[in-house]
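Record features (TrEMBL):
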- 52-243: domain 'Membrane insertase YidC/Oxa/ALB C-terminal' (DOMAIN)
- 54-73: transmembrane segment (TRANSMEM)
- 130-152: transmembrane segment (TRANSMEM)
- 172-190: transmembrane segment (TRANSMEM)
- 202-219: transmembrane segment (TRANSMEM)
- 225-247: transmembrane segment (TRANSMEM)
């Protein structure tokens, strides 16, 4: 999890720090990432009567809805694996101990085979959490496209109608930067409360680092980027809270069924 969040924090800084010109943006990246974002932003802006703040909010909604299935799968897998692992932990620890103490390669291979069979039997697969990287990887080119679109806007559009609420979307704004930072202070906190206390350290670190990075980036970018992060962070908080609450309860229920099944089939075996 730590390296995934490190990517989120560092790559936007790299992107915003790059002093690119329009001629330096490759035609391939422009066609794949920048062009579609630019067209979508201008199309929605015109649809809303040249209101590009609403256009950015709509883009955030589209992205969050698109990423929702990946987020749901990640949260579900995390809770299911955690609750099931609690129940079969003695069995898994015993097999790991056999692997550690194996005197021959054959014994080690046999113990590894038994461990993999146990994981499969209880549908415990740590590799399932790899899907948690997908939302981050998907967002990076979108963020890149948005940054370049805002840095080199095409004629008219947001450049001609930059005002939204109290700020100019094309200029840095202190208040929207601070709001985005506050949102990303609470986002890791809301996520952390759904984890055991011994697994919250990474989230607590992010509660400090995320606002610092978000503030720095927002103050050196168009405030439209701060708006994007603010709205996206708020929706992420809501989505994560309800997903954790629902799948945490479901996982505990499934784990109890597994425990009851094990107690029934092997009442004399300590699980």
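Quick reminder: no glycine exception, Cβ is built from N, Cα and C everywhere.
On the 0 to 100 pLDDT scale, the domain 'Membrane insertase YidC/Oxa/ALB C-terminal' (52-243) averages 80 in this prediction. Listed by sequence, the residues of this chain that lie at least six past the ends of the transmembrane segment (54-73) yet keep a Cβ under 8 A from its Cβ atoms are 37, 40-41, 44-45, 47-48, 131-132, 134-135, 138-139, 142, 146, 158, 164, 169, 224, 227-228, 231-232, 235-236, 239-240, 243, 247.
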